[in-house]
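Notes to accompany the following structure.
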């Protein structure tokens, strides 16, 4: 509770332009701010706030791509991928036209809802490199963003491998054994490892293109898309113009299922063919060793081909205006590809028998009016898709490394960047693609790819749903065609279809995602840095906590569910680390607030940096607590504020804990070499945060004000605890020591010792606290000291009319403990009754303390009062000796705290000094001791 230095309020700065500047100048004059335009530089600072008034030229920042080249073309190419020329016939031939149309509707429905979420997030703020990872991490926070971003990175890697596998399949079926363009024996060698070699060569070619830069691909993507579109329209025309034939479509060499057939039938436009192709005819997949085809496998292949909706978002770092380009470019590409696929599926169903489509996945080439159109379409579509995924994966890996999600593990990616091109990230992605290519089968890779992409789509919908449900005022996306319903439908759709495609792959991906979430939460060095991103978990927790706080009704509190809700008042965290750590164990999952009073007035500016230091102190101590700092003209007034205003709703402190008022010099636990709390985090040069009173320095308040604070606490019906000697507490030593065995409870009011029932409200509160600490120190035992005091009438004339107190037997005490479910050892103390001198001094203390309430004794002479004080001190020294002799093996002592003198007592200043002097003698040289005074019922014997 240290004094604070007065600070001047900062003037309000002016704006950067004339008109806005005049407005700010008006506000500045209104609030006393300076009107001088030179008060603050005109250059916007990135760290000053969330709104940046200055605009940068996108081209100066490497952002050169528009909507068509940067979003529409990559998305359309990625959504065509290998599916358009290689696998649409596989899907229609097995699933039939009806189921195919249904699968396209499901797939594009999921995509459309996900695109709505992507558009909502991308138009709510500036997007940087990393695309989906950037959006999810800045919305869901580091843990979910990092884990989903990692899986999305792998999804792009698998997508690139799938496209390369499709490209290799097209090359082999065209130029391999039995290929359409093969004449004589001049064919490419075929086989598993030959295909892997071909795929590796394609992958290496993509690597070389990526090393040149993503901008080159983006500029050529328009030309590639135009080529694929021309080839696709040539296919449409061929379906309409090509007639029936029985010897045009050969059976591929790798098809070992239909060895007896050499050519497949093609009918051209035929109503009978359409009728036969309406229903499902699931067969065997000749590229997967004859694996049975079903709804899940066809949908897995279909969805893998249309997962390119994030290709534009992945290029966000190169877009001039991502917030505008991503929504319009993505939506138009989705619509274009959807129409193209529907037309292609319908024409296939009208012209090609299902048996033909099941046994030759590349039948489009021989039925084309000019077969090279199909070959060119296959190679350009698959190569561009693979290249787009490879670029996307490298950009996501670069974003992960920039954010230090995995610490120094990915630093090589940052060091391996040349002219903005993440060369190291590209090489890593290329290496992983090589590993995936070892799987070989296009259809198996496609299912893995679909599940990984669906998980990233699920996270995107979850991010948008969460931020929409929190009702955050700053969530104002420019894209309005979405609601929480679209987010929820997209989320449920992706989750269900993940398990439809492959439950094992889906479960594995979700488990891996959760492992990454936990690992990043526990170990990621970027966790503190990520606080500036914002996390939706904080918004959701605020939403829920507020709701449940309103439901928590203090009128329904019951003693059965009582728990300590503690306000610990500290002067400086440096000197009370053991006490802060101890109270964290004492709170028993209750509210814990650390309060501090700064001396000063409200002309002093509130230092936001100091609040950050308090939070850093909680992190350093690893305690589950809140901090409250108040500013007042006196310590007593500040404590009153803290007691009355700390907490919220039904979560208000019921127990106030203070350090003991003595003359010992505080110990700096941050600088003590043997302290477990040692740290240099709160030292900046010669300036120390949380300064402490040095030996010889005056205190900030006097003993009278301290006792007044005790009286105020009890008047506000709060339980009171005074802690002394906690600088001696070593929790680690208590945990491992075999010498320390006990937690002691002294339920006798040493200021007024009687042999009455020790189970008054104060004693029960002491025992409750002792049992709470026993749950933390399980190897210790509770000892309760049963003190038999003498009858008051045998030692003096004080209060001769009071009745004789009933002797409370040990047996009755044991029975009461049993009813309270408290396991404790009972130790009887005889000194209060057998030592006549001790009893006389105790009687003197009763007379001395009783003067506060007895008006007849107000005129006692000073010599008599001084004599009584001296006898009381002797009594306290003897009581201290009794406790100290039995505390050799004690970790912690709970001692009955007598009520302080009333504020209305004459000579309150003198009596408060005497009160504290007696407490000082009582607790001198004891182990860590808590003086306890309870004012509320805290135990229950009923169910």
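Including glycine, each Cβ sits where the backbone N, Cα and C put it.
Automated prediction, rather than curation, is the source of TrEMBL annotations.
Summarising the annotation, TrEMBL assigns compositional bias 'Polar residues' to 1-20 (among others).
Residues or ranges marked as region 'Disordered' in TrEMBL: 1-54.
Annotation source TrEMBL lists compositional bias 'Polar residues' at 32-46 (among others).
Annotation source TrEMBL lists transmembrane segment at 65-86 (among others). Residues 159, 162-163, 165-167, 169-170, 215, 218-219, 221-222, 224-225, 228, 231-232, 235, 301-302, 304-309, 311-312, 314-315, 318-320, 324-326, 328-330, 332-334, 336-337, 340-341, 344, 361-362, 364, 374, 377-378, 381-382, 384-385, 388-389, 442 of the same chain lie 6+ residues outside the transmembrane segment (65-86) yet bring a C-beta within less than 8 angstroms of a C-beta in it.
Among the features that TrEMBL reports, domain 'Amino acid permease/ SLC12A' is placed at 76-567.
Counting only same-chain residues 6+ beyond the ends of the transmembrane segment (98-121), those with a CB under 8 A from a CB of the stretch are 91-92, 132, 135, 139, 278-280, 295, 298-299, 302-303, 306, 309-310, 313, 326-327, 330-331, 334, 338, 341-342, 345, 349, 454, 457, 460-461, 463-465, 467-468, 477, 479, 481-482, 486-487, 489-490, 493-494, 497. TrEMBL lists 98-121 (among others) with the feature transmembrane segment.
Here TrEMBL flags 142-164 (among others) as transmembrane segment. Sequence-distant contacts of the transmembrane segment (142-164) (same chain, six or more residues past either end, CB-CB distance under 8 Å): 78, 81-82, 130, 132-133, 136, 199, 202-203, 206, 304, 307, 310, 314, 382-383, 385-387, 389-390, 392-393, 396-397, 399-400, 403, 405-406, 429, 432-433, 436-437, 439, 442, 445-446, 448-449, 452-453, 455-456, 459, 463, 509, 512-514, 516-518, 520-521, 524, 526-527, 530, 533, 535.
What TrEMBL lists as transmembrane segment is 193-216 (among others).
Sequence-distant neighbours of the transmembrane segment (223-244) (same chain, 6+ residues past either end, Cβ-Cβ under 8 Å): 73, 76-77, 80, 84-85, 266-270, 340, 343-344, 347-348, 350-351, 364, 367-370, 373-374, 376-377, 380-381, 384. What TrEMBL lists as transmembrane segment is 223-244 (among others).
Residues or ranges marked as transmembrane segment in TrEMBL: 326-349 (among others).
The transmembrane segment annotation in TrEMBL covers 369-392 (among others). Residues 74, 77-78, 80-82, 84-86, 131, 156-157, 159-164, 166-167, 170-171, 174, 180-181, 202-203, 206-207, 209-210, 214, 217, 221, 224-225, 227-228, 230-232, 234-235, 237-238, 241-242, 308, 310-311, 314-315, 362, 426, 429-430, 433 of the same chain lie 6+ residues outside the transmembrane segment (369-392) yet bring a C-beta within less than 8 angstroms of a C-beta in it.
According to TrEMBL, the feature transmembrane segment maps to 423-445 (among others).
Listed by sequence, the residues of this chain that lie at least six past the ends of the transmembrane segment (451-469) yet keep a Cβ under 8 A from its Cβ atoms are 110-111, 113-114, 116-118, 120-121, 132, 135-136, 139-140, 144, 148, 151-152, 154-155, 158-159, 300, 303-304, 307, 310, 475, 482-484, 487-488, 490-491, 494-495, 497-498, 501-502, 505-506, 509-510, 513, 536, 539-540, 543. Taken from TrEMBL, the feature transmembrane segment applies to 451-469 (among others).
When Cβ-Cβ distances below 8 Å are used as the criterion, the transmembrane segment (481-499) is approached by residues 106, 109-110, 113-114, 116-117, 119-120, 299, 303, 451, 454-455, 457-458, 461-462, 464-465, 468-469, 505-507, 509 of the same chain, each at least six residues removed from its ends. According to TrEMBL, the feature transmembrane segment maps to 481-499 (among others).
If you look up TrEMBL, you'll see 505-523 (among others) marked as transmembrane segment.
What TrEMBL records for 578-662 is domain 'SLC12A transporter C-terminal'. Shown for the domain 'SLC12A transporter C-terminal' (578-662): DSSP residue counts in helix, strand and coil, namely 34 helix, 22 strand, 29 coil.
Between the transmembrane segment (423-445) and the listed ranges 193-216, 326-349, 505-523, the one holding the most Cβ pairs under 8 Å is 193-216.
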